[in-house]
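Database features (TrEMBL):
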{"type": "TRANSMEM", "residues": "A:6-31", "note": "transmembrane segment"}
{"type": "TRANSMEM", "residues": "A:71-92", "note": "transmembrane segment"}
{"type": "TRANSMEM", "residues": "A:104-126", "note": "transmembrane segment"}
{"type": "TRANSMEM", "residues": "A:138-158", "note": "transmembrane segment"}
{"type": "TRANSMEM", "residues": "A:170-187", "note": "transmembrane segment"}
{"type": "TRANSMEM", "residues": "A:251-271", "note": "transmembrane segment"}
{"type": "TRANSMEM", "residues": "A:283-301", "note": "transmembrane segment"}
Amino acid sequence: MNAVWSYLVAIAVWPGLLFAAPLGWLELWFMRKLVARLQGRQGPPFFQPFFDVMKLLGKETVIPRGVSRGIFLALPLVSVAAVTAALAIVPLPGNPVPSLPGDVVLLLYLMEVPVLCEVLAGYVSRSIYGQVAAMREAILSLAYNLPFLVAIIAMAQMAGSFQMRALQEVPYGLVHLLAAVTFLLALPARMKLNPFSIANAEHEIIADSHIEYSGPPLALFKLSHAIEVVLLTELFAVVFIPATPWPLVNLVVYLVAGILVLGGVTLLATTTARLRLTQAFRFYWVWGGLASAITMAATLVR
Amino acid sequence: MNLIERVIAISRRRSPWICRLNAGSCNGCDIEITPLLSPRYDAEQLGIELHGTPKHADIVLISGTLTLRSREAILDIYAQVPNPKAVVALGSCPSSGNVFAGSPLVLSCSLDTVVPVDVWVPGCPPRPQAILDGIARAAKLLEDGATKSQLAKSRLARSQPESRCGRLS
Ligand code: SF4
């Protein structure tokens, strides 16, 4: 199989769209069901996220007056493409893409693209609520990216290389634990869950920055979010869970670890209330900064 | 109807997103919507989600008496809801004006003369079960392609009645 084909397979089939979309829907359903059960409700049926996306695909798109049509429609596409490409880089067992030197940098960059798309979507929509959401998202990303990036960079420092496969092969140690905690600190904000659901605070600013989106573009944003959830959980599993020599066992372990992490952040989300932007920012720069400093110090000590 | 159209039609019934529109309600009807999201009625089982913006909605719940000022707002917000869409009128107010009929600033006419209404949920206020039932019926209409706006689009229905309810003399 030559390189082009392996990239195409990785992006379209495994671990890309064809696999990630159903898994993302499963994980979203799991989160919604868990929230409902914790609140004493029955919760949505199993296929709910799938129905939501299919229904949106069958709806009309309303483009607000005065909005540039091209960028309005391009943003969701770019967002989905970026997360799918990012997922294709993650060395899940059986991923056909060859490991490149420096693919960690590419991965981190691609993971920022959906955030950028959300911010732009808010500003492009010309809705005042969308703009507030975009501003909140942009500021929050300055906060949660500190622990998030440090967790990955600390692992790269341990491996002595910015290559995903090398990150996986770092002998297990204290830095793994510290970096995992730092990563988990950033996770709720990255997933826009309580107490950091500031950019999508539906009680304050009606909706997130997709407020003016409808129909298929909104469906693409939902799909992008679903894949992003898969990406974040699987990235956590691949980097911080020790790998066994058997690929199939690894796969099962990664999927289970992803579900467990999701269960944890959902539990946190249901038991907390939303913070203010300043509080969240301070939290990440004080406690996230402290965790980052300790993690980096541990990589130097060895 | 091919497979994808069928799946989309089923999804319309299984995922009705609602948006509230208070056209001058006493708030009684709106208060009765909130229990739908509580553990007792748990509308999420039917896939119902409450959204704040009409752009995300499939079903608009319109409650309250129509007033001179809310008429434009109803037309505006109705136009912002992407097709296919359904309208559920909550309570006795939208149909007749209820106890407010005849007041100087109240349009004493039915909501049907402003926007096409698919389901009427009577009561003052209606019970949450009745609202849930109304939403479920509207979602079924969306699946069958039988809401008034869908029918008008497919030219099966006769031409829509013009919004002829204006200012009362
Ligand atoms: S129907 Fe009754 S409860 Fe509902 S808005 Fe009218 S007066 Fe209020």
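Note: Cβ is positioned from N, Cα and C throughout, glycine not excepted.
Bear in mind that the values here come from a model prediction, so they are computed numbers and not experimental data.
Here the transmembrane segment (A:251-271) has long-range neighbours at 23, 27, 30-31, 34-35, 38-39, 92-94, 184, 187-188, 191, 193-195, 197, 229-230, 233-234, 236-238, 241, 244, meaning same-chain residues at least 6 beyond its ends whose C-beta is under 8 angstroms from one of its own. Remote same-chain residues near the transmembrane segment (A:138-158) are listed as 104, 108, 112, 115, 119, 166-167, 170, 173, 175-176, 178-180, 182-183, 185-186, 189-190, 196, 198-199, 239, 277, 280-281, 283-285, 288-289, 291-292, 295-296, 298-299 (criterion: CB distance under 8 Å, separation of at least six residues from the stretch ends). Under 8 Å from some Cβ of the transmembrane segment (A:104-126) lie the Cβ atoms of residues 64, 66-68, 71-72, 75-76, 78-79, 82-83, 85-86, 89-90, 132-135, 137-138, 141, 145, 149, 152, 156, 162-164, 167, 199, 208-213, 221, 224, 228, 231, 235, all in the same chain and six or more residues away from its ends. Sequence-distant contacts of the transmembrane segment (A:6-31) (same chain, six or more residues past either end, CB-CB distance under 8 Å): 44, 46-50, 53, 84-85, 87-88, 90, 92, 94-98, 223, 225-231, 233-234, 255, 258-259, 262-263, 266.
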